[in-house]
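Features of the protein shown, as given by TrEMBL:
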type	residues	note
REGION	1-23	region 'Disordered'
DOMAIN	79-169	domain 'Methyltransferase type 11'
Amino acid sequence: MTPSRPAYSPGQQIPTRSQRNRPAFVSSENRVEAANSFHRGVSDYGSVRPGYPADVVDLLARHIGKADYREFNAPLRILDIGAGPGSLTIDLDERFPGGVLASDPSPEMTHLCMARLPHIPVLRTRAETIGLTDSCLTAATCAQTWHWLDTDQACRELDRVLIAGGVCLLVWNTLDVGVPWVHRLARIMHSGDILRPGFIPQVAPPWTITDEWRGTFNQAITAHNIIHLAHTRSYWLRSTETTREHVDNNLRWYLYQHLELPQHQPIELPYRTDAFIMRRQHEA
């Protein structure tokens, strides 16, 4: 990953950007329905979504060093919640070999994760009802996951399963809509996870945000695969065939005609990363 610079900027004005701290859902039912869209059509997810800057796992590692698991003679155990195909799980496994588990409610995602990381235990479970024993985890991670959860329930469950001094990492990769051409791309893709610069995620007692890391990077990706990237978005997965065709046609026009990008030559797609450490309030 390289520092972010505009790869292809037609120079238009940047439209109004999101001022939200979290994606907007009409209701809790709408949030669950959107989250469940990832139970199908996930074949592109692991190949076109980017991984995470090394600084993200570095942030977690610094805080795990402050946890009390050694005092209890407990093994290091990190659960990657909502792991999907294992994009962050891979990095965690490299840094903490033998100490990582993964979970996801989607059978398709758990199968992808197990295929990529056959040596890692993968649980099919929701963040709100993890199903592990009390005080069994040193840390948990939620990559591209937290906004899909019931915050109150997830925070209570994390309080139950994390040891004293345990921490949770929340992290998002989002398209860097500060770059004008990327902002328009995000609009066409209906990328609903765009959050305002400097946002702080909503958490519930007994947790609070105690540290953060923010940065940018570029993903090398072809214009052809940017269309497949759109196919990993909740909006596209939930849409009718007519709407999907409309989105794809708009993307083909924008990428191939308006931006005049080659179909199979990699370009740099700018991303923004926002990572946070969540710790119990009385331990902060």
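Placed from the backbone N, Cα and C atoms, the Cβ positions cover glycine too.
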Fill in the blank from the handout: Model confidence for the domain 'Methyltransferase type 11' (79-169), as mean pLDDT, reads 95
Problem - DSSP residue counts for the domain 'Methyltransferase type 11' (79-169), split into helix, strand and coil - result: 33 helix, 26 strand, 32 coil
